[in-house]
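Report on the following structure.
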Amino acid sequence: MIYDNRPIGVFDSGVGGLNFAKEIKRLLPKESIVYFGDTKHLPYGEKSAEAIKKYSKEITQFLISQNCKAILVACNTATANAIEIIKEVAGEEILVVDVINPVAEKVAYELRTKIGVIATKATVNSCAYKKTIRKFNKHIKVVEVATPLLVPIIEEGLYNTNVSRAVLEVYLSNKKLEGIDSIILGCTHYPLIQKEIEQIFEGKVQVINSPLIVVNCLIYQLHQRQQLANNNNPYYLFYLSDYTDNFHKISKRFFGNKIQLQEKDLTNF
Ligand code: DGL
């Protein structure tokens, strides 16, 4: 068996990708992770496609400079708007896995009739989920709803409060979502409010487990390329373009004291 102990690069605009990094650590405990949270430019969901492409390109170059063997684009907004440029910069040698395609393909082959997607404005405007799911199965109805207040609420640490509950009640009562059998949390921040969403739907709507699906896809592809790690002492290096207490708190909660957190501005990188 051949192993590759270089780290997996993971990026997002903020804390959202930590939900996926945590799943990597759970399922692949021998992998090292280099994480980049672009908190300086958050929220990506309100930015132009051009800006999202620029940030994504710079972060990809940075993760390559950190010797990453693979990059998990743990941001739906970056996936929907910048995946081509990310793949171009990464080239053939570095595996790129995104958070939309594995989920869309999986749900398209399951028994579902109407799927709801909640996501940032930039993801909803791209129709990425609808297009990708319907590429595999034209019979599924897909409705996408923008929920732009959720990222700032989560980044401010205001989830599991009256604030998040009230905002979710308004968003999830949107007429378009009537009759859905499942819902995709189309923003990587949203697993942090998954329980609240489940409570509002009273268990009648299945919430798709995107981190599990995506990390399984990553495992499969690393295995195919003989690039899984075999390191009993992996490291977890976190870079933030702008330090936030909330990021520190969540990364510590997910990774314990093993994390190394550093501020890193990619301007002129
Ligand atoms: N977490 C990101 C996503 O999955 C974007 C959040 C934002 O910066 O707007 O879309």
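These residue numbers are counts, starting from 1, taken along the chain as shown.
Placed from the backbone N, Cα and C atoms, the Cβ positions cover glycine too.
All protein chains shown were included, and the count of other CB atoms within 10 Å of the CB of T77 (substrate binding site) stands at 33. Residues annotated as substrate binding site in TrEMBL: D12, S13, Y44, G45, N76, T77, T188, H189.
Mapped onto three states, the DSSP output places C75 (active site, proton donor/acceptor) in coil. Counting every protein chain shown, the Cβ of C75 (active site, proton donor/acceptor) has 34 other Cβ atoms within 10 Å. The active site, proton donor/acceptor annotation in TrEMBL covers C75 (among others).
Under DSSP, C187 (active site, proton donor/acceptor) is assigned to coil, being neither helix nor strand in the three-state scheme. For C187 (among others), the entry in TrEMBL reads active site, proton donor/acceptor.
Look at G45 (substrate binding site): DSSP puts it in a helix. Residue pair H189 (substrate binding site) / C75 (active site, proton donor/acceptor) shows a Cα separation of 9 Å.
With respect to their backbone Cα atoms, S13 (substrate binding site) and C75 (active site, proton donor/acceptor) stand 7 Å from each other.
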